[in-house]
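Novice: Take this structure first; my questions come after.
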Amino acid sequence: MSFYELGGSDIGMSAPGYPGFGSSVGHGVGSAPQGGVAAPLQAGPGQTYPTTYPAAGYYSNPPQSYPTMSNPCAPASSKAPVMNSQYHPSYYHNSHPHTAHSNAVPGHANYGGALVQAPPLQPYSTAAPPTSAAVHANQHSQPFQQHPGYLGAYYGPYTASQGPSHYPVVSYPSAAGGGQYNMQPSSQASLQQVSRGNGTLPASTSTTAPSSYGALPAGPSVAVNGQVNTVSLPALQRYDQNRPASAHPYTGVQSDAGGPASDRPPSLPPSTSVHSSPSHRQGVDSSSSGSSASPVPNNYDSLEGGSYPVPPATDSSKAAPPFGFGYPNLQPAYQQSPASRNDSTPSYSGFNPPGYQQFSQPFPTMSQLSAALGGIGGVSELEVEGLRPVNLLQERNILPPGPVPPPEPNLSTDLRKVNCSSDTFRCTLTNIPQTQALLNKAKLPLGLLLHPFRDLTQLPVITSNTIVRCRTCRTYINPFVSFLDQKRWKCNLCYRVNDVPDEFMYNPVTRSYGEPHKRPEVQNSTVEFIASSDYMLRPPQPAVYLFVLDVSHNAVETGYLNIFCQSLLENLDKLPGDTRTRVGFVTFDSTIHFYNLQDGLSQPQMLVVSDIDDVFIPTPDSLMVNLKESKELVKDLLNTLPAMFTHTRETHSALGPALQAAYKLMSPTGGRVSVFQTQLPTLGAGLLQSREDPNQRSSTKGVQHLGPATDFYKKLALDCSGQQIAVDLFLLSSQYSDLASLACMSKYSAGSIYYYPAFHRIHNLPLLGKFQKDLQRYLTRKIGFEAVMRIRCTKGLSIHTFHGNFFVRSTDLLSLANVNPDSGFAVQMSIDESLADTSLACFQAALLYTSSKGKRRIRVHTLCLPVVSQLSDVFAGADIQAITCLLANMAIDRAISSSLSDARDALVNAVVDSLTAYRNGVSGLQPAGLTAPAALRLFPLYVLALLKQKALRTGTSTRLDDRVFAMCEFKSQPLRHIMRMVHPDLFRVDNFSEQGALHLNNCVVPQPQLLQLTAEKLTREGAFLMDCGSVLYLWVGKSCSELFIRDVLGCPNHTSIPQNMTQIPDLDNPYSERMRTFLNWLQESRPFWPVLYVVKDDASAKISFFQHLVEDRTESAFSYYEFLLHIQQQMSK
Amino acid sequence: MAFTFAAFCYMLALLLTAALIFFAIWHIIAFDELKTDYKNPIDQCNTLNPLVLPEYLIHVFFCVMFLCATEWLTLGLNMPLLAYHVWRYMSRPVMSGPGLYDPTTIMNADILAYCQKEGWCKLAFYLLSFFYYLYGMIYVLVSS
């Protein structure tokens, strides 16, 4: 296996610098918008800012130039200026080409957000008028003149944030939790920090400041994420605030060097300054040319902070001491009464040996640590249960009575309580094998199933100035880190010991100090941070939606346009966004039509571009319009659009050029393009030919043309992805439309794909209903823009392959132009190094996105799992549903790259191999039957079900587009949805019993038993409900009780049930009520309303119902029992 | 001792192989950069793809020269690589431009590992053949 090849990517990526990224052609956001603040902040020089800045205020004289200012804090002062002059001007200059821009765009700064969050409590939100901010900027422009970038980057946001403070708090489902956690004190702090640093804020403001610890985080607010240590200086002052504010020194201007002195304990400020930038700089200077030489890492890697330009190991000892510095004295420091400022000045030269000592204490050994982590409990019952041998050939009813529960990892109860929800984050093996050899022995795939942007009802949102992250691997602090003492925490991924920043000592929930382990970040494995401008490459983009609509004859025939316009009209106000939201429309047949919706026009103006070989945008400004300003025009257009093309005779479709136009329209901002297509594109770039041979639909040999015919759509998607544009495809075609090629436009731009075969407004009512409901959900669901997701894992593990819709930017980073709550991802992992040193393996997925309200947010999920060394434990912890989903993804890759029969063979082999491994490695005996550990008892069933899916089946007539769509769904849907597709739930619903019923909100939800998917379980006397995720079938037997038919379906008898019944009538009787509560309960677990088909025993629709009965034999596939025999036969070979 | 066509072929092959060695080194570095996250896959594929055909053509070119010079052994030694190149180019992903590497799949660990291994193997092959051509050239010069 080539797993090992990927070695050490986790470590490797933390190597210094990112040369060359900035030059990306299609990928970078373009040099201009990329000049974010983030990049410089992450690299060494950026850090100088926070410290030197206060330093400027406190120690040095204003006219001094920047390099000199940093001198006091840099012991190696000779070097620092060099660095500065060399680096900074160009650095910041280059990377902030649009500082003005960032100023101009309101509210993009987090500080702004933070401030606004609690206006009533904030003295500043009222007391700090825009003018004061302006003053800061002015004042500073003087001493800092040679760093124009700074001003824009740092002050800009503040200035901006105070003006447009009317931004509402982003209210997500989590709002309640968020409110609770939003740390108002810290947000004040950020402002205080500003004012302090600037030294211009009137004293009166400070007086109003609440004298709480909450304010302490001030320092790091500007500090680089992770540059934790910068904290102490401002923080200390904060502690001192209990004292009367009149004593506050900050009233002075910068030149008031003596000002803050009285407030501060001796020796501290210098130590702070020392540690932060210069230390780093030394490192850079002395050892690594890499990070200093690397060009501006203005890309998303650096944004999310994938890796941190770490000074090489040799250097770390040098750089390390300062990290320890602040803390040892910190404690005394704020207990101390303020000393005079003069004392402090010289003291930086002799920084505190105690700090050194403390730091240089030997780390606890690994074993000690593992013990400290205390992850593993004893052998749990679950474990034993998971290993119980099951003889598959004899066990008739292997399904559990209810939904299959995800296995619980064998962790101590504390850890289990805080572990990530299995709906969000699942691992195929809940016991991680120690080595790759052990994993290979188990023959089970190791991987993760992720649903990172899931709609959550409760999510702690943290507004904090410092997002605490490991300095080496950039892991976010999470419940599974260990606190060595009050001041230090140990990263659970790379085992680096980090400092706990002061701000973190304050707990906003309990409003108490000194309990870092009780912070929400450490109490919840799923948290959301409001990110600072460090996490932006450009001001957060507005929500931009472009709709590209097919209006050829074929499209008009299907009648989708009416429904779309209607649906959009209804949901226009619910489109996620804020006042900046922009929309646009493009229609196309053989030409491309744009719509000028500029505010002020009396009616929408249609502009036709017929030159499809060289598409241009007729009026660049007025095609994407502000939804709020042009709402009337948009409504007008939506009302008239369906009628405009009713008599069209144009049959051609120039999809490719239309997409190029969409790309040009959207590239300045990024956003979402929704494409509605009803036929094969026949004109211009990206035209496609029909590749399907209908005679081959049921061939057992192999299926051709699963891959794209042209790379036009892929290239377009990559370009789009680079400009933060996602393309969502709605394909409503009754004929072959080469979805395999078209899907590429969504696959690589992180879009979603919807397919409605044989869509027609009259002939296919159920599908019409589905389209409406999907649209409703699609238009109103949450959306995240310009997102990246990085998955980090414990040292020793590495990512092998990703599955889903995205573009893989680097070994652990996904670029997602848009992220939506309905998409899932799968990741294959490999074990590079032995995990013998540790007892816990952790995975962290961090999704950085811009919310529709223009806030930059980071959602972090952390999963923790035990590491085991025994093969039996690996089997005991297998999560069969996750394994099935991951295998499905792998099989689809195989089908596309190799052949379908290969993929099918690989699936069967996966079962055979793992069961053989179990037989040989664990059970020890050679039983006659086919035994599997209880954890894997559903494995053969699920694999058989996979083999009978549209995506992978052979022998049964399957249209190529259907097959390709099924493949796309497997790759992009979350686990739950895939499992319902693969193995639907079947219930008998005509005889609900009270037994085991759920009592929710005063209504009783019956919990009928899960039935096996075989016709054997169906009886003519019953009615059965099959839940396939997006479709529900209600099968009504021929001799089903009249009572049921009358009370639930509202029909007198079986024969009078209409053919196309898709709804259960609202009847007022207990029978119907119970049925409806049950359906509602099923519905609640998914984000959209599924389509319900009522299937009569004799109806033609029953074919689609019966094809889901996967345990039964079909003409071309095994029954479940036959499949077991086949496996047994393979195993004995 | 005479300067024959065969000797000329060997000399030419010697020079061209030196060029190919640089191609191989470039290839290895490029994939290493990808693996260590230094480069964006799109950029990297854009720089690598134009180099694929020239490399293959250079190799084909001196194979043809050896054919003309009726150096059967040398030609035979080069045949496997020639066949591999043809196979590799036939089985490339759907692309409109020349080249082999697709930025959407290149980050897949298997493909990355394969490409890296390919680079090292080719480097070894070119180095060995470089010395073989040197020997061949001298041999031809001396013997004729």
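Here the Cβ of each residue, glycine as well, is placed from N, Cα and C on the backbone.
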Novice: For the region 'Disordered' entry in TrEMBL, name the matching range from A:88-108, A:403-423, A:1054-1074.
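Specialist: Going through A:88-108, A:403-423, A:1054-1074 one by one, TrEMBL flags A:88-108 as region 'Disordered'.
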Novice: With the ranges A:52-74, A:121-143, A:144-166, A:972-994 to choose from, which does TrEMBL describe as region 'Disordered'?
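Specialist: Residues A:121-143 are the ones TrEMBL records as region 'Disordered'.
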Novice: Per the definition of 3+ C-beta pairs under 8 A with sequence separation of 6 or more, do the domain 'Zinc finger Sec23/Sec24-type' (A:467-504) and the domain 'Gelsolin-like' (A:1006-1079) touch?
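Specialist: Between the domain 'Zinc finger Sec23/Sec24-type' (A:467-504) and the domain 'Gelsolin-like' (A:1006-1079), contact is absent.
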Novice: Hey, which of A:540-779, A:784-868, A:879-979 has the most Cβ-Cβ pairs under 8 Å against the domain 'Gelsolin-like' (A:1006-1079)?
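Specialist: Between the candidates A:540-779, A:784-868, A:879-979, the best contact partner of the domain 'Gelsolin-like' (A:1006-1079) is A:540-779.
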Novice: When the domain 'Sec23/Sec24 helical' (A:879-979) is classified with DSSP, how many of its residues are helical, how many are strand and how many are coil?
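Specialist: Going by DSSP assignments, the domain 'Sec23/Sec24 helical' (A:879-979) contains 72 helix, 3 strand, 26 coil.
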Novice: Tell me, what is the mean pLDDT of the domain 'Sec23/Sec24 beta-sandwich' (A:784-868)?
Specialist: 93
